[in-house]
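Participant: Take this structure first; my questions come after.
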Amino acid sequence: MADAEAAMTFPKKHKKKKERKPLPEADVAEIQHAEDFLIKPESKAAQLDTSQWPLLLKNFDRLNVRTTHYTPIPCGSNPLKREIGEYVRTGFINLDKPSNPSSHEVVAWIRRILRVEKTGHSGTLDPKVTGCLIVCIERATRLVKSQQSAGKEYVGVVRLHNAIEGTAQLSRALETLTGALFQRPPLIAAVKRQLRVRTIYESRVVEYDPERRLGVFWVSCEAGTYIRTLCVHLGLLLGVGGQMQELRRVRSGVVGERDHMVTMHDVLDAQYLYDHHRDESYLRRVVFPLEKLLTSHKRLVMKDSAVNAICYGAKIMLPGLLRYEDGIEVNQEVVVITTKGEAVCVAIALMTTAVISTCDHGVVAKIKRVIMERDTYPRKWGLGPKASQKKQLIKQGLLDKHGRPTDGTPASWTRDYVDYSDSSKKATAAEATPGPGVTADAASIVKRKRDSDSDADEATPTTTPRVKKEKKKKKEKADGGEEAAEDGDGDATRKKKKKKARAAEELSG
């Protein structure tokens, strides 16, 4: 049996190795001599495809470049790569608000679920209204004001009290209610019922059911528009009367119902998974970075060294600018970002794109709202020549700890240094430098004239209208008193005369 098994064994198949043809040494040498292995200089840099980059860095290669030189600082991080605690505290939720609870209740529940200190929303929805409610968390609440004033879109159902001709008539009536409209809040409203003007940008009829007299419509409008009032006006315009049956908000600002809208259950599940399984992926899908709300703004990219100064309220100056967008207009709202794509602040532009490209100094924008936390980036101000000299003098004891001059302060420092935080020194500096085209003699003459005018004013005190009125009243009162006294004396003499006449008659009688 064993012999049979031995006979049954099959021979092992050996894999054939692929034969490699060795390259002759001469050929390698020839290739090395023939080809130039170097990075060749080019007239233009290769194009980066940044169309798929996230949030505020999208298409950043299309921004105008003021300078490409800056010193990167290893602080901060890309908004999508923040540590989970920081990510939640600087994020927002595009929530599908359920029917029946009020907006404030929903926001309070979210705060309790995520265990954060502060939450806010993008505009109140009535209890029965559903749809897009942007819930901002902690740092993102700084953007609530701008989100509340952003445009909104709704889909509503209107019930008409009587039959109409058809969809065309409803469509014409809805088209009439476009543009600036007078509105008074409904009877049951949380605000004062004052007449107000609100703008309807666009509207259209989606569907009309003549049997049930129900019409579905879509409307894009200004923040604070009452769709309930719009439905009442629509009924009046059609001559049959109408009321709002149902309403859903489909867009709030730049975020719509198709942009990763989540429910309250999703938020609860995401927090549960993180608490019990340390799985933060679901939480990152529910919460989005606040930078997503600012993607419609024009961008200004700042150097890393200028970021913390802006967080402390410094002006946005041109030397700290790296890149800027096309089409910036004066008084337009812009967003200031870092090189990593983090939002630093929302600002009001003071220069147009054309002016920024031609100037080398000046204030580019003024801060409207700082978003980033202070000291996320290190302090980089106070490193200039004057500031360094001041620090040295404080160290040597020639200035006090606040930088104020002492007895041992060098005369050159007190003469040359201007402390712009001291208002008295500002005034003296302004007086010392008269305006262009005005000589010192002319300035002194003007000053002398002012002094003489003030002396004259002191010599002749002016009486105010109030004092004059009081004097007039006193005079009238005094005159009235004298007249009354005179009248009283006359009455007394008359009475005496009458008494004398009666006494004489009695004696004669």
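Backbone N, Cα and C atoms are what each Cβ position is placed from, and that goes for glycine too.
Just so it is clear, the model here is predicted, and its values are computed rather than measured.
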Participant: Looking at 1-25, 76-100, which stretch does Swiss-Prot describe as region 'Disordered'?
Facilitator: 1-25
Participant: Among Ser102, Ser146, Ser454, which is annotated phosphoserine in Swiss-Prot?
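Facilitator: Of Ser102, Ser146, Ser454, Swiss-Prot lists Ser454 as: phosphoserine.
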Participant: Can you check which of Ser122, Ser452 Swiss-Prot annotates as phosphoserine?
Facilitator: Ser452
Participant: What three-state secondary structure does DSSP assign to Lys192 (SUMO2 cross-link)?
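Facilitator: The residue in question, Lys192 (SUMO2 cross-link), is coil (DSSP, three-state).
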Participant: Let's check the environment of Ser388 (phosphoserine): how many other CB atoms sit within 10 Å of its CB?
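Facilitator: A count of 11.
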Participant: DSSP on the domain 'PUA' (297-372): how many residues come out helix, how many strand, how many coil?
Facilitator: 17 helix, 31 strand, 28 coil
Participant: From the Cα of Lys395 (SUMO2 cross-link) across to the Cα of Ser388 (phosphoserine), what is the distance in angstrom?
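Facilitator: Cα-Cα distance, Ser388 (phosphoserine) to Lys395 (SUMO2 cross-link): 11 Å.
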Participant: Quick check for the class: what is the C-alpha distance, in angstrom and rounded, between Lys192 (SUMO2 cross-link) and Lys395 (SUMO2 cross-link)?
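Facilitator: On Cα coordinates alone, these residues lie 62 Å apart.
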Participant: Check the region 'Nucleolar localization' (2-22) for me and report the mean pLDDT.
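Facilitator: A mean pLDDT of 55 is what the predicted model shows over the region 'Nucleolar localization' (2-22).
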Participant: Once the DSSP letters are reduced so that anything not helix or strand counts as coil, what is Ser388 (phosphoserine)?
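Facilitator: In the DSSP reduction, Ser388 (phosphoserine) maps to helix.
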